[in-house]
Amino acid sequence: MAKSSLAGSDGALTWVNNATKKEELETANKNDSTKKLSVERVYQKKTQLEHILLRPDTYIGSVEPLTQLMWVYDEDVGMNCREVTFVPGLYKIFDEILVNAADNKQRDKNMTCIKVSIDPESNIISIWNNGKGIPVVEHKVEKVYVPALIFGQLLTSSNYDDDEKKVTGGRNGYGAKLCNIFSTKFTVETACKEYKHSFKQTWMNNMMKTSEAKIKHFDGEDYTCITFQPDLSKFKMEKLDKDIVALMTRRAYDLAGSCKGVKVMFNGKKLPVNGFRSYVDLYVKDKLDETGVALKVIHELANERWDVCLTLSEKGFQQISFVNSIATTKGGRHVDYVVDQVVSKLIEVVKKKNKAGVSVKPFQVKNHIWVFINCLIENPTFDSQTKENMTLQPKSFGSKCQLSEKFFKAASNCGIVESILNWVKFKAQTQLNKKCSSVKYSKIKGIPKLDDANDAGGKHSLECTLILTEGDSAKSLAVSGLGVIGRDRYGVFPLRGKILNVREASHKQIMENAEINNIIKIVGLQYKKSYDDAESLKTLRYGKIMIMTDQDQDGSHIKGLLINFIHHNWPSLLKHGFLEEFITPIVKASKNKQELSFYSIPEFDEWKKHIENQKAWKIKYYKGLGTSTAKEAKEYFADMERHRILFRYAGPEDDAAITLAFSKKKIDDRKEWLTNFMEDRRQRRLHGLPEQFLYGTATKHLTYNDFINKELILFSNSDNERSIPSLVDGFKPGQRKVLFTCFKRNDKREVKVAQLAGSVAEMSAYHHGEQALMMTIVNLAQNFVGSNNINLLQPIGQFGTRLHGGKDAASPRYIFTMLSSLARLLFPAVDDNLLKFLYDDNQRVEPEWYIPIIPMVLINGAEGIGTGWACKLPNYDAREIVNNVRRMLEGLDPHPMLPNYKNFKGTIQELGQNQYAVSGEIFVVDRNTVEITELPVRTWTQVYKEQVLEPMLNGTDKTPALISDYKEYHTDTTVKFVVKMTEEKLAQAEAAGLHKVFKLQTTLTCNSMVLFDHMGCLKKYETVQDILKEFFDLRLSYYGLRKEWLVGMLGAESTKLNNQARFILEKIQGKITIENRSKKDLIQMLVQRGYESDPVKAWKEAQEKAAEEEDSQNQHDDSSSDSGTPSGPDFNYILNMSLWSLTKEKVEELIKQRDTKGREVNDLKRKSPSDLWKEDLAAFVEELDKVEAQEREDILAGMSGKAIKGKVGKPKVKKLQLEETMPSPYGRRIVPEITAMKADASRKLLKKKKGDPDTTVVKVEFDEEFSGTPAEGTGEETLTPSAPVNKGPKPKREKKEPGTRVRKTPTSTGKTNAKKVKKRNPWSDDESKSESDLEEAEPVVIPRDSLLRRAAAERPKYTFDFSEEEDDDAAAADDSNDLEELKVKASPITNDGEDEFVPSDGLDKDEYAFSSGKSKATPEKSSNDKKSQDFGNLFSFPSYSQKSEDDSAKFDSNEEDTASVFAPSFGLKQTDKLPSKTVAAKKGKPPSDTAPKAKRAPKQKKIVETINSDSDSEFGIPKKTTTPKGKGRGAKKRKASGSENEGDYNPGRKPSKTASKKPKKTSFDQDSDVDIFPSDFTSEPPALPRTGRARKEVKYFAESDEEEDVDFAMFN
């Protein structure tokens, strides 16, 4: 074998294949040759060139023809993927030369053109490129010219220096030489301007022959041209066929797309490709997705090395990728690198949108992606010389491809996600068909409680009916009835309540719903099968389904859900009369042997109106199927025609009706549907028309449209009634039933919650589970922060705390409750006579609504989700509402109000219309410590700890730990987290905003203020003022009705007493004789003498008659003209008097009662309805003061311990234990920043105004039973806080002029203080009509010194001068006179030294200046007389919210916050300090309530001194011998706590300094006044001595508003 003398070629040892040797041996044996092959023939060595030719697949791939799908470019079709037959080796040698040309672009950026020429006829291929040529110079080592070296000698390359980072395709030193070796002729032409020579040389016969190199002088532009004729015989080809040319053409297009800045000429024509994006269009143009829409390509040039395009693939994952211009047709790690990023983002989107419930894995997402990648990678590696799969690790790419969020967002909207979801839906359907479909079996096993029809699944299956019952008890009724009609054709299966709304259910829900799957299996249904013809119906086991549910609204809902189930999956079945229902009587009336059945309440009501002598009939209500006996069941089934109602399909309107009721897309239509229903019902009631009902005596069938619009709509309306409260009383029906029962029981002693629930169910006909009822009672009694502002029931026991948001309430078996003393003041008993009481089972139950004296729906808030609507209302301050009512009674507009949660110490600030920012409180104590002392409303302490602080402490994979430690010092009512963090992180957190970092801000949005109005219609209110005004008009009209009722009742009683007195006097005088006379004669005599039949009884009967006539305006004339006293005159009230009545004493007493009653009537007649209302408000506020005072006293007693009787010493309470729960006095308050939140709110509002639909949370699925208690925190509130029975003073709400919207301590508007010496009303001036003047409807407002408690002022007692007739002018004059007297009585007594009062009007709402050092208080303040000094230590700790937005302004200016006698914070009595509440000042908040009677301030010596000063500092009670321990933020130095451990947190120690001791004293130093007294608790000067009853000792508390609970019962 000849050896080539080619320089530089290495020998290769070739091992002969064993199979070849074996074959040669066998041949030798066959030839009877006993000689063996020589060793030399067995073991051979080949040159590298020989090896390449002998084993080409090692280098260029297979040289055998291969047929496969490839992207090619055909002249007539363009870029297309088709089956082609080609030789991979030939394709590869062409590609090597092409990639070399492209590589030159990386060496010379000036290269601009590549020319590719293919001549199939001549078998000539030429590739030309400009740019830097190959150096035409002799290689000094190899002694040959460089072009000859690199094209004509193996293992030569310019790419062997791996230290040099190159982004070229060449790597191994084989490429161009392989093309040379597999060509019959291979010519290289190049010109190098640098060396001023051109070079041309030709190799022939597989690089075995070489011509002489032609070198010429050259001074033109550099270029390189390779021309070769492939050795077709080596590739078993005769010519370059169409397929290989199409493939090579595509590679030319590849180069045009992947080489930036290079134009590619193909056979003399420029290819129409401009960049990579243009190249991608060759693949996707004219291609449509499954919906017929053109494919959308997402393109991003990530950087100069990465160009990525993405679109939808419908043929599994596809990729077209290039690495340094090499077509990596099998992909590689560069493709995975990009695709993994895309998949991870898309799968997040898919999971959010995936309602089917089928799990989606990354590879399934990848199957819908078509990606195009053009990248430059440094020194890439491949798994073979063919370079189809790039194997370099991403870390070695030399660059990163970071795709933008814009790219990912566009990718999620380009059709890929939709395609995935469609695939998921298809897969879900396949799974459903596999698991949930059924076939026709004669017997079914494995379904418990199924009583199968004997003929089901047989030849009579179409005649079989499956009865679906509501529960097991209904099944028993059906089985009893089957004794009449037989079991062959009827099967029974009980449902476990409401079935799934399959229209909106996920795939997972349907797959896992046993009930749905059981019905499918029993009936023999198959998903996606159309039951249009009779043949398909024969595949079913049952020909009909009969629905047998209770005749109530929940039963109607179950019917609707079953109709929806069949309609959604097999609509054609409805057209065949597949569904029917079995109805049972809801009421039976019987008399003697006559029995009437009624199938709807309206039908029964109509019958009652026309029947005489109703009492002769026995009425029985059937609330459920379980009420019927087995005997009645047999009667029902015996008369099957009467009780079976067929559902008849009437056309598209039926489809539309079912979709309307159950589709998520029909939310707005459902609102309109229910609104029209409520309006229709209201009009019917107004005109006395009967309500519509379905099941008359002649009803045999029913359309689906009628069922939805006349029966199912009752459930939807009922759902709203149970979920959404009434504007009038703020209650849902469950809450109203509880209150009704409590009023009726009128317990004077506490009762167990569990027992009360049973009583409610009995007295008010409650038809649901008692567990829900018990939770309603518990929620009505809760009073922690974030629950009720006024709890109508008393929480005697553990009713839940702010730690867990009420979920930590004890079992109802262990806790007690009873009515609050405020309940009957809010809901006066006399108003019960005006209410419309409802009847259930012929039993008188709760009224349609109660009518409180103030809108409870605002005080305790409301929340609920119904059908089509949702309701959300925050809490508001009771006193603020009282003040607004008083303003409205005076004809003034109500002041705007901000939400207010009792005992909440944070701030609530307005962001926009009905949008508020709720902020907790955080203080910076030192360089690495912050203190959190309040959380946003309804952010529960435990939840906050677990969801916010724990992740901050432990960190996550993505975010490092922010804090190093935290300690907890809170109680069940207060919050205190002491958080440690590094100085650097604290600085960073403060720069970012501590409230934001610690998640201490939430938003409260009130755009769903939907309530039932007094007519029972749902109405959406835009503002709280709208609610208040509508309530005001209704309540005022009811005060008029109350007055009418009282005048009538008192008049009747007066007449009765007058008749009794006259009768006694006439008997004594002998004018009347009754002895020995018949009853008839006596009655006739009394009538003749002008005595009236019992006036009280007659008046009551007249009232009842009037009510009946109002309810039944359409009755006959004869029934309406019946006498009010059909039994004749009633004189028992006279004739039944005892003989004792004839005595002188009794006669005088009777006459006195008569005269008193007459005066009462006259007095009442002189009062206006507004007078009655004012009296009720005054009584309520007075009792509210007492209740809150008692609450504070209870807290104080619990915190300070009991003092030993007779001793003044402090109780044994550890100082540090009390201090550690209190805020540090040295912290720097962080002002909540809401600028960004305001901007965001403005953007949302603007967007909404542009036409965005209302975003209301609605219940769209009817398959969930109403739970009554929506999840706490709904969209607007992330974490929900609760409230303490505050141990610290209540944050102060400061009043601002209208226009400012930050809640602070309420002050009078525009009123100035007066000096004590003048002894005149500081507010009295000539402008008595001005809005700021004190009027009888407005409370007396006492200015408050920022250091001293406000003086006790007497509460004005409202007195009505009834000596004059009721006339407007006279009344106004009286009011004015009374007012002047009231003003003088209530004048505040201020210190002589206090000359000026700075009203709060001028304070800026964002002013949160913090006074950390000495106060700027004027010397006059510190030099107050001894009386005021003795109050100095009171309320020495502020709540964290005290340093409110204008605290320092208040301190610096000696501002006296004018607070009403009925202070809205706590309702303190006149001597009680009005705590501040930074629930952000209410806009133009009016002065608080009017005060009934002012009381004298306690003398100094009567200060309670037995209470420990430590605990005093917590509640504001001073101890003479110690400095106060308070929440004050100033420089007041505290006594050292005794702890020597500097590292431990000590709330009593000032950071970085030792607390200096102060001498014991009872008054404050001037320097310390401001810091010790927060804006919440400032002492006030005592009132001047005056006559009147002495006031008992005052208990001072730190809390403001009463223990309020947000009505969590409102969620029931």
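Including glycine, each Cβ sits where the backbone N, Cα and C put it.
Features as listed in Swiss-Prot:
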- Tyr814: active site, O-(5'-phospho-DNA)-tyrosine intermediate (ACT_SITE)
- 1362-1379: compositional bias 'Acidic residues' (COMPBIAS)
- Lys21: SUMO2 cross-link (CROSSLNK)
- Lys165: SUMO2 cross-link (CROSSLNK)
- Lys216: SUMO2 cross-link (CROSSLNK)
- Lys355: SUMO2 cross-link (CROSSLNK)
- Lys434: SUMO2 cross-link (CROSSLNK)
- Lys623: SUMO2 cross-link (CROSSLNK)
- Lys634: SUMO2 cross-link (CROSSLNK)
- Lys664: SUMO2 cross-link (CROSSLNK)
- Lys700: SUMO2 cross-link (CROSSLNK)
- Lys1214: SUMO2 cross-link (CROSSLNK)
- Lys1215: SUMO2 cross-link (CROSSLNK)
- Lys1385: SUMO2 cross-link (CROSSLNK)
- Ser1224: phosphoserine (MOD_RES)
- Thr1280: phosphothreonine (MOD_RES)
- Ser1324: phosphoserine (MOD_RES)
- Ser1330: phosphoserine (MOD_RES)
- Ser1332: phosphoserine (MOD_RES)
- Ser1346: phosphoserine (MOD_RES)
- Ser1363: phosphoserine (MOD_RES)
- Ser1376: phosphoserine (MOD_RES)
- Thr1390: phosphothreonine (MOD_RES)
- Ser1460: phosphoserine (MOD_RES)
- Ser1537: phosphoserine (MOD_RES)
- Ser1539: phosphoserine (MOD_RES)
- Thr1562: phosphothreonine (MOD_RES)
- Ser1563: phosphoserine (MOD_RES)
- Ser1600: phosphoserine (MOD_RES)
- Ile865: site 'Important for DNA bending' (SITE)
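Shown on the structure are the features that Swiss-Prot records.
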{"residue": "Lys165", "record": "SUMO2 cross-link", "Cβ contacts under 8 Å, 6 or more apart": "Glu378, Asn379, Gly398"}
{"residue": "Lys216", "record": "SUMO2 cross-link", "Cβ contacts under 8 Å, 6 or more apart": "His197, Ser198"}
{"residue": "Lys623", "record": "SUMO2 cross-link", "Cβ contacts under 8 Å, 6 or more apart": "Asp550, Asp552, His767, Asp841"}
{"residue": "Lys634", "record": "SUMO2 cross-link", "Cβ contacts under 8 Å, 6 or more apart": "Ser480, Gly481, Gly483, Val484"}
{"residue": "Lys700", "record": "SUMO2 cross-link", "Cβ contacts under 8 Å, 6 or more apart": "Glu641, Ile645, Leu646"}
{"residue": "Tyr814", "record": "active site, O-(5'-phospho-DNA)-tyrosine intermediate", "Cβ contacts under 8 Å, 6 or more apart": "Lys752, Gly797, Gln798"}
Seminar exercise, completed: Using a 10 Å radius on the Cβ of Ile865 (site 'Important for DNA bending'), the other Cβ atoms enclosed count 26
Exercise. How many other Cβ atoms sit within 10 Å of the Cβ of Lys664 (SUMO2 cross-link)?
Worked result: 13
Exercise. By the DSSP assignment reduced to helix, strand and coil, which category contains Lys165 (SUMO2 cross-link)?
Worked result: coil
Problem set entry | Ser1224 (phosphoserine), number of other Cβ atoms within 10 Å | 26
For this session: Sorry to bug you, but what's the C-alpha spacing from Lys664 (SUMO2 cross-link) to Ser1224 (phosphoserine), rounded to the closest Å?
Result: 53
